[in-house]
Amino acid sequence: MSAGKKFRLALAANKPLQIVGTVNAYCAIMAEQLGHQAIYLSGAGVANASYGLPDLGMTSLDNVLEDIRRITAASSLPLLVDADTGWGGAFNIARTVKEMTKAGAAGCHIEDQVAQKRCGHRPNKAIVSTEEMVDRIKAAVDARTDPDFFIMARTDAFAQEGLEAAIERAKAYVAAGADGIFAEAVKTEEHYRAFSDALDVPILANITEFGQTELWNKDELGEWGVSMVLYPLSAFRAMNKAAESVYASILEQGDQKAVVDSMQTRMDLYKYLGYHDYEQKLDSLFAEGKNK
Ligand SMILES: C[C@](O)(C(=O)O)[C@H](CC(=O)O)C(=O)O
Ligand SMILES: [Mg+2]
């Protein structure tokens, strides 16, 4: 079954589907074993975690593909990918969709910001015309090699143009073939309901922390018509805070005793990796060798 098909099945089976950000392969393995059904590769996550860069459109398609390959090799969960603005014009966007599909992604979202993009929850974003974004979506849809690869249009228009205009844009993006709408940085029940009432494709709510949106519960979002709830960087933020306190403690205390309780144990680390199965295999191969 293709990754796109898996994503669509998960979407049909969960109202709403929770999609958690996994900045690396190990996070994807944990999310899968804990019972999540869909994962996300954040553009900010690739920029921040893999390259130490801000989320300002400075990473390339190849940078993102590398992380997609690592994650999809380690996890069988469908992976939704942040394609930012698609990395260029129609030909580039077509290549983005084809390459992401080959790398094992289940779908991607492309946004209507200008190439010099910003995080969707920051001020002073600029967006392209509806026509230009419609061309982006058409290019993505036409390039699909797996009919189930999920192409989501993200609109950042709410902050600049307001609710009505953002919904008009979303309608045009759906008419161009978008399978879903990512309503970026909208805030209230009224906003989510307005998107879901106006459109008959699944709507995604980006519940990112320290941004414009409250930390709504999935059940309330579901009641308001939201089909997908995204937690793009939640685990990453927690990992960073934990790492920060470990680095500081080692420096200040001269050892890590004060923070060892906050660490995942060796046993738990190995559990997710199936380490012991590998070790047993190795042991039995050694034993066979000795018996010869
Ligand atoms: C979803 C997002 O595009 C991402 O790259 O993860 C970011 C998340 C964030 O910066 O909190 C965004 O909302 O722009
Ligand atoms: Mg992003």
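Using N, Cα and C of the backbone, Cβ positions are placed for all residues, glycine too.
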Problem - Site-mate of Ser42, Gly43, Ala44, Cys119, Gly120, Arg154, Asn206, Ile207, Thr208, Arg237, Arg266 for substrate in TrEMBL, selected among Glu66, Glu184 - result: Glu184
Exercise for the section: Could you measure between Asp84 (Mg(2+) binding site) and Ser42 (substrate binding site) for me? Cα positions, answer in whole angstrom. Expected result: 9
Handout entry: Listed binding-site residues adjacent to ligand 2, that is, members of Ala44, Asp82, Ile207, Arg237 whose C-beta is under 6 A away
Key = Ala44, Asp82
Practice task
Measure from each Cβ of the binding-site residues Ser42, Ala44, Asp82, Gly120, Ile207, Arg237 to the atoms of ligand 1 and list the residues where some distance is under 6 Å.
Solution key: Ser42, Ala44, Asp82, Gly120
